[in-house]
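Record features (TrEMBL):
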type	residues	note
BINDING	His53, His55, His223, Asp298	Fe(3+) binding site
BINDING	His53, His55, His223, Asp298	Zn(2+) binding site
BINDING	Arg62, Tyr125, His158, Gln226, Ser303	4-imidazolone-5-propanoate binding site
DOMAIN	96-360	domain 'Amidohydrolase 3'
BINDING	Tyr125, Asn300, Gly302	N-formimidoyl-L-glutamate binding site
Amino acid sequence: MQGGYGLIPDAAMVVDEAIRWIGPATDLPAAYRDLPAHALQGRLVTPALIDCHTHIVFGGTRAAEFELRLQGASYEEIARAGGGILSTVTATRAASLDELVAQALPRLDAILAQGAGTVEVKSGYGLTIEDELKLLRGARRLGTLRPVSIITTHLAAHAIPPEYKGRADAYIDEVAIPSLTAAHAEGLVDAVDAFCEGIAFTPSQVDRLFRHARALGLPVKLHAEQLSDLGGAALAARHNALSADHLEYLSPAGIAAMAQAGTVAVILPGAFYTLRETQAPPITALRAAGVPMAVATDCNPGSSPMTSLPLAMNMACTLFRLTPEEALMGTTAHAARALGLSDRGTLGIGQRADLAVWDAAHPAELSYRIGAEALHTRIIGGRFDA
Ligand SMILES: O=C(O)CC[C@@H]1NC(=O)NC1=O
Ligand SMILES: [Fe+3]
């Protein structure tokens, strides 16, 4: 599959770790004709999917909170009462690195089983220097245990822990920034994120953290305009952010700033659906402004306990009116861009040979079928997934 839906019927590909040739099988150059071949029986082949926004390393579960919300408590009420993210923080602090990795592996395996070859993993449930390092070490270890590329994101600025209640500035100075410095020194950080929201951090607190990240040479991304408009997307764009994520309450000024900066809009329908949000991200305006849109699971225990990118694609189409082609671009080429990766996400020559082979007759099926198990096999770095 080339470009948007640039489908190539009866195609052949030549790969080692990268894609070396792609085109109609009848045009296969003679030099390649004696290579060992794998017949895919005419199945659809796309780039392996990329989940550009997950929180899969955490302890505990939030099933009880799910029941509270069904009885009418709002996400914000639960958070302000010390539940929500902070209840996961308690369980995460109590868990060892080995326990966190063991608990994250089934979530990673579920995402891979639905066609992913690259997964971004955020910290953000430790909220102390040592516990944030523990989460990022766990994320890095996941990449050694499965055929997957793990991209790590420091998200200490996810919530204000009880010991810093009412002292968010001190938390940024005493935990978020020092943990970032230490994690960077240990090679644990690929990008830096924050939650810019009334129940989390202000734009000025995020700005201080982002200035530190940029001084370390790290790219940034931001949970922005999820529950209200604090101007987070425009702040992210001012820092040339890779992406701004959620964006339900994104303003025209935020859209213009993102378009100008080339910041990707990461659309997270799982959180919108779980929180029964009513304000959809401004997809039509993002499309008109030429802002690239990515789609991700936002897999996390509170607002998006989901591990299926195809389901996220279906939700993005059904709830937000993305086209199936936009949804597939959103979990391949645009997701790669949201992670600052240029070596994957398309079937171009020289791209990583990270491929997904589907039991599907047309790419639109990947968004159309709700919760289908459509993956036939993954090919990661040119090797068939065992
Ligand atoms: O509820 C959680 O555990 C995380 C929620 C998640 N984090 C964030 O910044 N926004 C979200 O929806
Ligand atoms: Fe998130």
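Cβ atoms here come from the backbone N, Cα and C positions, even for glycine.
TrEMBL feature annotations superimposed on the structure.
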residue: His53; record: Fe(3+) binding site; Cβ contacts under 8 Å, 6 or more apart: Glu120, Lys122, Ser243, Asp245, Val266, Leu268, Ala294, Ala296, Thr297, Asp298, Ala338
residue: His55; record: Fe(3+) binding site; Cβ contacts under 8 Å, 6 or more apart: Val121, Lys122, Gly124, Tyr125, Leu155, Asp298, Cys299, Asn300, Pro301
residue: Arg62; record: 4-imidazolone-5-propanoate binding site; Cβ contacts under 8 Å, 6 or more apart: Gly84, Ser87, Thr88, Pro301, Gly302, Pro305
residue: His158; record: 4-imidazolone-5-propanoate binding site; Cβ contacts under 8 Å, 6 or more apart: Ile85, Lys122, Ser123, Gly124, Tyr125, Leu127, Asp193, Ala194, Phe195, Ala200
residue: His223; record: Fe(3+) binding site; Cβ contacts under 8 Å, 6 or more apart: Asp193, Ala194, Phe195, Cys196, Glu197, Ala200, Gly232, Asp245, His246
residue: Ser303; record: 4-imidazolone-5-propanoate binding site; Cβ contacts under 8 Å, 6 or more apart: Tyr75, Gly270, Ala271, Thr274, Leu275
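When secondary structure is read from DSSP and collapsed to three states, His158 (4-imidazolone-5-propanoate binding site) falls in the coil class. Checking the binding-site residues Arg62, Tyr125, His158, Gln226, Gly302, Ser303 against ligand 2 with a 6 Å cutoff on the Cβ atom leaves no residue at all. On its own chain, Gln226 (4-imidazolone-5-propanoate binding site) has Phe195, Glu197, His246, Leu247, Glu248, Tyr249, Ala271 as residues at least 6 apart in sequence with a Cβ closer than 8 Å to its own Cβ. Around Asn300 (N-formimidoyl-L-glutamate binding site), a 10 Å sphere centred on its CB holds 26 further CB atoms from the protein chains shown. Secondary structure from DSSP puts Tyr125 (4-imidazolone-5-propanoate binding site) in coil.
The secondary structure of Arg62 (4-imidazolone-5-propanoate binding site), as reduced to three states from DSSP, is coil rather than helix or strand.
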